[in-house]
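*Asks:* The following block contains the structure, expressed as C-alpha cells.
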Number of protein chains: 2
Amino acid sequence: MKDEFSFIRSIQPDRHHQPTVVAGIGDDAALYDAEEGFHEIAAVDTLVEDMHFTKKTMTPFHIGYKALAVNVSDIAAMGGRPVYYLVSVSVPKSGSWSEAELQEMYKGMTVLADEYGVDLIGGDTNATNDKLVVSVTVIGRVEKGVRLLRSNAKPGDVVFVTGPVGSSAAGLHYLLEGDDCPEHYLKAHQMPEPQVSAGRLLAQAGGRIALNDISDGLASEANEIAEASGVTVEIDWSRVPHDLHGETDEYVEKWTLFGGEDFQLIGCTGQQTWERLTESFEKNGQRLIRIGRVVEGKREVFLLKNGERTVLKKGGYNHFVKGD
Amino acid sequence: MKDEFSFIRSIQPDRHHQPTVVAGIGDDAALYDAEEGFHEIAAVDTLVEDMHFTKKTMTPFHIGYKALAVNVSDIAAMGGRPVYYLVSVSVPKSGSWSEAELQEMYKGMTVLADEYGVDLIGGDTNATNDKLVVSVTVIGRVEKGVRLLRSNAKPGDVVFVTGPVGSSAAGLHYLLEGDDCPEHYLKAHQMPEPQVSAGRLLAQAGGRIALNDISDGLASEANEIAEASGVTVEIDWSRVPHDLHGETDEYVEKWTLFGGEDFQLIGCTGQQTWERLTESFEKNGQRLIRIGRVVEGKREVFLLKNGERTVLKKGGYNHFVKGD
C-alpha cells in the first residue's frame, strides 16, 4: 500500500448510523457515548489467511463480510445489537493483496455493517511479511440485566438452535473439491447471516437463557455450555435441523455436528421461558428448533442416535486446515 | 497450543480492577457498563512479529508489555484513562512460540495493566502458519466534552511535547548492532511508558488542545496534526528534548525526528491554555516542553535549524524493516 492515509480516507464512512459517535476514524482512538439503560458488549476475532479463509473459496468481498459477521455473531450470542466496529489489517508485503482487493474487503464489511446499522469507527493498517490477517473488534449493546451466558444452563432445560447447521462446511467442501456448489451452501459459506434478530428476541424474553453462537460446530459449542454450566447436554440427532440434501450420511453427520461457521445460535432454557420464546419467535415469523435437553451429570455432551447414547466430543475438524 | 481453553483459563484474571465489568473473559463477548459523565474511547493496534517487533531485541514479556502500551498510549492521546483490553493472538503452528513464552507475553501485558488498573475482558487465540500476530483493543474513558483531536490546532498555538524523544529508536539500534545498550535506551525500547497522567492533565485543563501520541516519530505526528488541522507546524530543533548523549548528530536527528515508539505526546494549544497547563504540570511534578509554534500556511511541517527553515516530511524509517 503506497499511502496508508489516503487508503484510510478511502474506507472512511461519509456518515454514521449511530447518533452516539463523537469522533470516528482519523484520530488516535474513537470517541463515542454509551446508551443509558444498556450494557456495553465487546468482542474481537482475528481471521488469518489460509487458516480461517482462503481466496480459493472466497472473494475479498466475502472475506470482509465474513470477518465482520463472525464478530457480529458474538454480539448476537449475548443478545445484543452491534453498534460499532474497528478493523486492524496486516497486509502482505508480497503484494498478494492489491489495494483494489483491500477496498473490496472493506466493501464486504460495509454491506453487512449497513444492514445492521453498525459504524466503522477505527482501526489500523500495517504490513506483514506473511499472509493477510484481519482482526475485527465489534462493540454492541444489550439491555441492562440481560446476561445470556454459557454458564446459565440447568438440568431440565430445553436445548434449542435458531436454524439449520452444516451448510457452511458443505459449501467449503464443494468449493475446495472444485465441484458445482449448490447456491445455499455457497451463501452459508461466503455470506453467513449472524442471528442478531434471534438474539434480540432471546434478550427480550426476560428469562434465564444460556446462549452460544455456533462458530466451531454444534458439538463444540454444546460442550462449551456443558463445561461452563456444569451439566450434561443431550442432543437428539433426529431433531438437528440441516439443509443438506442428497449427501452421504457420513458427510451430513460431519458437517452438521463439527462443521461450524453457520453462526446459528445454540441455547438452553427452562420450560416456561421456552414456551414464551416459541410464541414470540412465531409471532416474528422466526423459528427456534428444540434439539435436546439438559440433564444432571458430568460436563459432557451425548448424541442420541438410533437408540444409542454416545459421548459427543468437541472434536470435529478445524476449518480447512488439514492435519490440524 | 494443545488446549485453547486451558490456556485461556491460565491467562484469566482472578479479579477485576474496574467495578463496571459485568462478564469478562470466557463467553462469546464481554459485558460491561459505561460510566456516567464519560465518553467511551476505543483503539486497536496490531503488532506483527519481525515487522513491529523481534525476539532479537525483546523478550516475550516485553512484547506483551509493548503491545498493550501502544494501545494505552492511544487512549492517553485522547486524554483518557484505559479501563479494559481484549487480546487476539495468532500463534505460529511451527512451534516458534512455546506456551511458556505466550504466558510470559500475557504477563508483560498484566504488569502494565495492573499499573493502570486495566482489566483483560476478552479476546481470542488462534493458529497461523506464519509469524506471531498480536492485536490489542483497549477501551478507555474521558470526561464528556473533552475532545483532544488532531484537528484542533490553530495558527498562533504553542507546540509542545511531554518528554524526550528518540531513545526507543536508539535502543533498537544498539540492540540490533549487538552493542552494549545504555539502560535508558533499553527501557525506552522494551518498556515504553504511555503518557496517561500527562493526557489526564491535558484533558482536565478544559481548553482547546490538539493531541497525538508519538508512535511513528515526531515528524510524522506533527505532519498528522498539520494535515488534520489545515495549518503549518514549525519545530525549533534546539528545543526538541532528547536523552541521547555522545551520539553523532546524524543519529540524534534521525532517532529524534523519525524514531517513533517513545509514546510521548505532541500537542498544540493557545497561549492562555498553555499557561494554565504549564502551571498544572509543574504542580504535579511533570513537564511540558515547548518545541515550536503553529502558523498559517499549507498543511506542512518546517524544521528550524541553524537559521534555516526546511520542510520536514513524515519520512523517517519504519521500525527495523529495511527497504520499507
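Using N, Cα and C of the backbone, Cβ positions are placed for all residues, glycine too.
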*Asks:* In TrEMBL, the Mg(2+) 3 site includes A:ASP28, A:ASP74. Which of A:ASP213, A:ASP216, A:ASP236 does it also list there?
*Replies:* A:ASP213
*Asks:* Using DSSP and collapsing to three states, where does A:HIS52 (substrate binding site) fall: helix, strand or coil?
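*Replies:* The residue in question, A:HIS52 (substrate binding site), is coil (DSSP, three-state).
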*Asks:* Are any of the binding-site residues A:ASP28, A:TYR106, A:ASP124, A:ARG150, A:ASP213 near chain B, where near means a Cβ under 8 Å from a Cβ there, and if so which?
*Replies:* A:ASP28, A:ASP124, A:ARG150, A:ASP213
*Asks:* Over all pairs within A:TYR106, A:GLY123, A:ASP124, A:ARG150, A:SER215, the annotated ATP binders, what is the largest Cα to Cα distance, rounded to whole Å?
*Replies:* 32
*Asks:* Identify, in sequence order, the residues in the chain of A:ASP74 (Mg(2+) 3 binding site) that are 6 or more apart from it along the sequence and have a CB within less than 8 Å of its CB; answer 'none' if there are none.
*Replies:* A:ALA43, A:ASP45, A:VAL138, A:ASP213
*Asks:* Please list residues from the chain of A:ARG150 (ATP binding site) whose Cβ is under 8 angstroms from its Cβ, counting only those at least six apart in sequence.
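*Replies:* Spatial neighbours, sequence-distant, of A:ARG150 (ATP binding site): A:ALA210, A:LEU211, A:ASN212, A:GLU224, A:ILE225, A:GLU227, A:ALA228, A:SER229.
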*Asks:* Can you tell me whether DSSP puts A:ASP213 (Mg(2+) 3 binding site) in helix, strand or coil?
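*Replies:* It is in a strand.
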*Asks:* Measuring CA to CA, name the entry from the binding-site residues A:ASP28, A:HIS52, A:GLU261 that ends up nearest A:SER215 (ATP binding site).
*Replies:* A:GLU261
